Amino acid sequence: MANRKRDAGREALEKKGWWRSHRWLVLRRLCQFFVLGMFLSGPWFGVWILHGNYSSSLLFDTVPLTDPLMTLQSLASGHLPATVALTGAVIITVLYALAGKRLFCSWVCPLNPITDLANWLRRRFDLNQSATIPRHIRYVLLVVILVGSALTGTLIWEWINPVSLMGRSLVMGFGSGALLILALFLFDLLVVEHGWCGHICPVGALYGVLGSKGVITVAATDRQKCNRCMDCFHVCPEPHVLRAPVLDEQSPVQVTSRDCMTCGRCVDVCSEDVFTITTRWSSGAKS
């Protein structure tokens, strides 16, 4: 029998203990705050580890790291980025293409804790009503951004990019940008379940495409143990990616959809240990 959304993870907590039912969540938060700390260590303490923001930065003033979407906008607008920016984009593209799926979204993005909080509150207070918008709208928005950059000759997304805006706000203070971040929080809380990360964000859409054939993946390796409690579906920001691996015995046990954020919450909340985080070659996934 399916559990209520507000009770998602309770069985796992009782059966596996706190650490094993929150392990991947804790590790993700540590990773997110570690990356954020590398950005903040310079302006706050004078120790520059990551110099810049989430769109473009230098690691130890040496290794460039550039958001691929910003680079694509620059190319589309007719402006060839500097060699250091192109190098940074290649590094990030190769890194996430090899690692897999949307690891940036769940392990690095500073907005993820905010949207996670909104959706935890949604479950906690039984806010089950949700507007319906197509998940592919993020890919449409991605194309619109690139076409818009080509037509205007500007990096149009960077004017409102909430990911880089969040990083800048933490360094320079929350001004009007706080209103956009608050709007995203309320959108996820009151309008569309997993609305930003699961439906709209073009940054996540691009990382999903880049990492679609990467190494790291989630697999329902012991799906025969599934008791249909639905806790994994309740907490997953992209629950449609779990249907085939969990419910269709003819499908590969691996989550092969590029929409998967590899956040590990399905692993945490499953009281039967159906899921593992593994490599794409270990369970016979379709390529």
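First residue shown is number 1, and so on along the chain.
Every residue, even glycine, has its Cβ placed from backbone N, Cα and C.
Considering the side of the membrane named for each residue in Swiss-Prot, SER56 and ASN161 coincide.
Taking the centroid of the Cβ atoms of CYS226, CYS229, CYS232, CYS236 as the [4Fe-4S] cluster 1 site, the other same-chain residues with Cβ within 8 Å of it are ARG228, MET230, ASP231, PHE233, HIS234, LEU242, VAL246, CYS266, VAL269, CYS270, VAL274. Here the topological domain 'Periplasmic' (161-170) is broken down by DSSP into helix, strand and coil counts: 9 helix, 0 strand, 1 coil. Around CYS232 ([4Fe-4S] cluster 1 binding site), a 10 Å sphere centred on its CB holds 24 further CB atoms from the protein chains shown.
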